[in-house]
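Annotated features in Swiss-Prot:
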- 1-19: transit peptide (TRANSIT)
- 20-204: region 'Domain I' (REGION)
- Lys59: N6-succinyllysine (MOD_RES)
- Lys59: N6-acetyllysine (MOD_RES)
- Lys75: N6-acetyllysine (MOD_RES)
- Lys101: N6-acetyllysine (MOD_RES)
- Lys158: N6-acetyllysine (MOD_RES)
- Lys203: N6-acetyllysine (MOD_RES)
- 205-333: region 'Domain II' (REGION)
- Lys216: N6-succinyllysine (MOD_RES)
- Arg223, Ser248, 263-266, 281-286, Asn300, 318-319: FAD binding site (BINDING)
- Lys226: N6-acetyllysine (MOD_RES)
- Lys226: N6-succinyllysine (MOD_RES)
- Lys232: N6-acetyllysine (MOD_RES)
- Lys232: N6-succinyllysine (MOD_RES)
- Lys301: N6-succinyllysine (MOD_RES)
Amino acid sequence: MFRAAAPGQLRRAASLLRFQSTLVIAEHANDSLAPITLNTITAATRLGGEVSCLVAGTKCDKVAQDLCKVAGIAKVLVAQHDVYKGLLPEELTPLILATQKQFNYTHICAGASAFGKNLLPRVAAKLEVAPISDIIAIKSPDTFVRTIYAGNALCTVKCDEKVKVFSVRGTSFDAAATSGGSASSEKASSTSPVEISEWLDQKLTKSDRPELTGAKVVVSGGRGLKSGENFKLLYDLADQLHAAVGASRAAVDAGFVPNDMQVGQTGKIVAPELYIAVGISGAIQHLAGMKDSKTIVAINKDPEAPIFQVADYGIVADLFKVVPEMTEILKKK
């Protein structure tokens, strides 16, 4: 039996929706916006109400201008100061709190990247609310879905906090359109520098390959490769596929590759069109980071390897024979 909502209930629901407002904290590198921010904006629009974006940095005019064109954003707030170099959470938190106080946002969110995971717990603590991490769906303005038990179960969380603070899994939401928007831009609230931490420098690994979390094709290697030198087999294959290269935690812990290549529950979450797992057994922690891939190909000489349970295609063979053969075939095409 269906029961119609009373007119009064509908009016109250509509009134609540009008008062919803969300602040998205933009992650960027001054001259370019991190792709996960566009996914976070899409999630924010699902909440209803007005969506604003806060951009803090040293020379972030270009990012602010780009955000004004993104569909779904009503306002872009810009804060430029030397203390925001490196986007340190100690400096960003007072800025976010001042912005929230000025506009009375009901929701504050960022992508579930290293940036968001570092920043939002501090913001939530200062607001005296409990944060919700790594959401994959939004059911209503106060109800969210996230994974638990390494992705083997879904947990629906109802949040009654005065301000909802949450991080968004980028692979669970489409990227917002980068055109069609007409947001206004204005200066954000000014705050005094905290200066308890200082940004010194960062050294980034340069690569001509796509960034791991945004690549359409990912080739990942595990302990089965036996050494870091053997990862060259994957690099050669990836070059033919214009793919990013990842690794399991076992390969990272063994010192084969740096930890920024790790895919899994404690690494990066990816959902490419094609994921090729080479010499990876398929531990539950690794599956949590890649099982949303559209097509999964597994190469392993052990037919009982758990990776085959989630793979769309499996090759039971010696990777040291199969991978070079695949590379040679692709070179001829």
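Every residue, even glycine, has its Cβ placed from backbone N, Cα and C.
All features noted in Swiss-Prot, drawn onto the structure.
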{"residue": "Lys59", "record": "N6-succinyllysine", "Cβ contacts under 8 Å, 6 or more apart": "Asn30, Asp31, Gln80"}
{"residue": "Lys75", "record": "N6-acetyllysine", "Cβ contacts under 8 Å, 6 or more apart": "Glu50, Ser52, Cys53, Ala183, Ser184, Ser185, Glu186"}
{"residue": "Lys101", "record": "N6-acetyllysine", "Cβ contacts under 8 Å, 6 or more apart": "Ser189"}
{"residue": "Lys158", "record": "N6-acetyllysine", "Cβ contacts under 8 Å, 6 or more apart": "Asp142, Thr143"}
{"residue": "Arg223", "record": "FAD binding site", "Cβ contacts under 8 Å, 6 or more apart": "Ser248, Ala250, Ala251, Ala254, Phe256, Gly279, Ile280, Ser281"}
{"residue": "Lys226", "record": "N6-acetyllysine", "Cβ contacts under 8 Å, 6 or more apart": "none"}
{"residue": "Lys232", "record": "N6-acetyllysine", "Cβ contacts under 8 Å, 6 or more apart": "none"}
{"residue": "Val263", "record": "FAD binding site", "Cβ contacts under 8 Å, 6 or more apart": "Leu212, Val218, Ser220, Gly246, Ala247, Ser248, Ile269, Val270, His286, Gly289, Met290"}
{"residue": "Lys301", "record": "N6-succinyllysine", "Cβ contacts under 8 Å, 6 or more apart": "Gly224, Val316, Ala317, Asp318, Leu319"}
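Residue counts for the region 'Domain II' (205-333) by DSSP state, with H, G and I taken as helix and E and B as strand, are 49 helix, 25 strand, 55 coil. Within 10 Å of the C-beta of Gln285 (FAD binding site) we count 18 further C-beta atoms, all protein chains included. The Cβ of Asn300 (FAD binding site) lies under 8 Å from the Cβ of Gly224, Ala277, Val278, Gly279, Ile280, Ser281, Ile307, Phe308, Gly314, Ile315, Val316, Leu319, each of which sits 6+ residues away along the same chain.
Lys158 (N6-acetyllysine) carries a strand DSSP state (E or B).
Fewest other C-beta atoms within 10 angstroms, among the binding-site residues Ala283, Leu319, are seen around Ala283.
The modified residues examined here are Lys203, Lys216; by Cβ neighbour count within 10 Å, the least packed of them is Lys203. Residues belonging to the region 'Domain I' (20-204) score a mean pLDDT of 94 in the model. The two recorded residues Gln265 (FAD binding site) and Lys203 (N6-acetyllysine) have their Cα atoms spaced 25 Å from each other. A sphere of 10 angstroms centred on the C-beta of Gln265 (FAD binding site) encloses 18 other C-beta atoms.
Between Gln285 (FAD binding site) and Lys203 (N6-acetyllysine), the C-alpha separation comes to 28 Å.
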